[in-house]
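Features of the protein shown, as given by Swiss-Prot:
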BINDING   13-19, 41-43, Arg301, 327-329, 405-407  GTP binding site
ACT_SITE  Asp14  active site, proton acceptor
BINDING   Asp14, Gly41  Mg(2+) binding site
BINDING   Asp14, Glu15, Gly16, Lys17, Asn39, Ala40, Gly41, His42, Thr126, Arg140, Gln220, Thr235, Arg299  IMP binding site
ACT_SITE  His42  active site, proton donor
BINDING   Val295, Ser296, Thr297, Gly298, Arg299, Lys300, Arg301  substrate binding site
Amino acid sequence: MSKADIVVGIQWGDEGKGKIVDKLCENYDYVCRSAGGHNAGHTIWVDGIRYALHLMPSGVLNKQCINVIGNGVVVNPDVLISEMAQFENLEGRLFISDRAHLNLNHHALIDQARERLKGDKAIGTTGKGIGPSYEDKISRNGHRVGELLEPEKLCENLMKDFELKKTYFDVLGIAMPSYDEILKDLKRFKEVLAPYITDTTRMLWKALDEDKKVLLEGAQGSMLDIDHGTYPYVTSSTTISAGALSGLGLNPKEIGKVIGIVKAYTTRVGNGAFPSEDLGEDGEKIGLIGKEIGVSTGRKRRCGWFDAVAVRYTARLNGLDTLSLMKLDVLDGFESVKICKAYEYKGQEIDYVPCDLENAKPIYEVMEGWDKVAGIRDYDLLPENAKKYIKRLEELSGVKVGYISTSPEREDTIIL
């Protein structure tokens, strides 16, 4: 029996998981999404063409891969159908768990209305309705993908739900959709998605029993984890490696190696603590060179320096075996680069992540910059200062770097 490997983001998301999964999946038979929804965005560049994925696993660009959307994902049928239209011959290559929960239009309307009402205390959600979808799931009022196979019955149940929520909808200023509108959409969803809906847990058990190679693709980042992230400025799912197990129906004995994806600097979308954020020229420069615009939201990402304290924390949470260092080329040309090696917290220097991270200030180590790493595919050809930077990140995080990305292109990846 084979074991599944996991790729997980270990900052605040947007680390470059899509590129590394796309690179790795040529060695895997299955690539699987386990959590989140279309709030997560993966960008992949192949031969100069940009692909933006939100629900589809990143293995879809490799035709030998079978792609699985697991039970832990919340699926918006409209978004998924739109993404599927970019690709040909998906039957037999894409499967959706019948146990995955649905994300529908009213979830997004609730999300957006609540954010407006919170004003300056808004979480900064993507407005895609992911939180409300998970709320319905946890309160046992949700609906699952498998229910799309009986659209009339699902429509009746949704109308009953809406009637119960009528007062809440009125407060938020949301108009209740009509039965006919909903049924029309549900029938369309069934027509397109029915061939792809199945029990993906049993499928993966069988694959592992047959020694197939399986890669689990995390969404978002560990610092956004519902339990271990910067609460309440977090997502609504478990984004650490443990979540990949429940999100696909696997057990701990079925896991092989865990690869942590990390940028050579740090970014964050939305509100919440970010100790190493740089609000000056360097932060602006990083964002400009790195094209730090959210794939799902179109919002500018906040930018700052590598936070080794946070990475060491998430490395332990995830049980990392190796790091994949992304976007090293973005730091090309900086005279010096900084690493947050510790925090100043309530008058003391600490080397851990407190639950009130907003009260921590960065303590930096400054290193000399380098000229250019962009496009380099051989570690020995990297500038010495870039090598010193990588080595220092390994020392501070406690994890060896196994992959280095030097451009958005698939092939510009150093494998150590």
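Keep in mind that glycine also has a Cβ here, set from the backbone N, Cα and C atoms.
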*Which one of the binding-site residues (Asn39, Thr43, Thr126, Gln220, Thr406) has its C-beta surrounded by the most other C-beta atoms within 10 angstroms?*
Asn39
_Cα distance (Å, whole number) from Arg299 (IMP binding site) to Lys19 (GTP binding site)_ = 20
*Would you mind pulling the longest C-alpha to C-alpha span across Asp14, Glu15, Gly16, Lys17, Asn39, Ala40, Gly41, His42, Thr126, Arg140, Gln220, Thr235, Arg299, which the record has binding IMP, in angstrom?*
34
_Whole-number Å value for how far Gly298 (substrate binding site) lies from Thr126 (IMP binding site) (Cα to Cα)_ = 10
*asked:* Please give me the CB contact count at 10 A for Arg301 (substrate binding site), counting all chains in the structure.
replied: 21
_Taking DSSP as the reference, which of helix, strand or coil describes Arg301 (substrate binding site)?_
coil
_I need the most crowded of these binding-site residues: Gly13, Gly41. Count other C-beta atoms within 10 angstroms of each C-beta and give me the top one._
Gly13
*Measure from the Cβ of Gly298 (substrate binding site) and count the other Cβ atoms within 10 Å, all protein chains considered.*
9
*Quick one, of the binding-site residues Lys19, Arg299, which Cβ has the fewest other Cβ within 10 Å?*
Arg299
*Cα within 10 Å of Gly41 (Mg(2+) binding site) is the criterion; apply it to the binding-site residues Gly13, Gln220, Arg299, Lys300, Arg301, Leu328 and give the hits in sequence order.*
Gly13, Gln220
*Three states by DSSP: which one describes Thr43 (GTP binding site)?*
strand
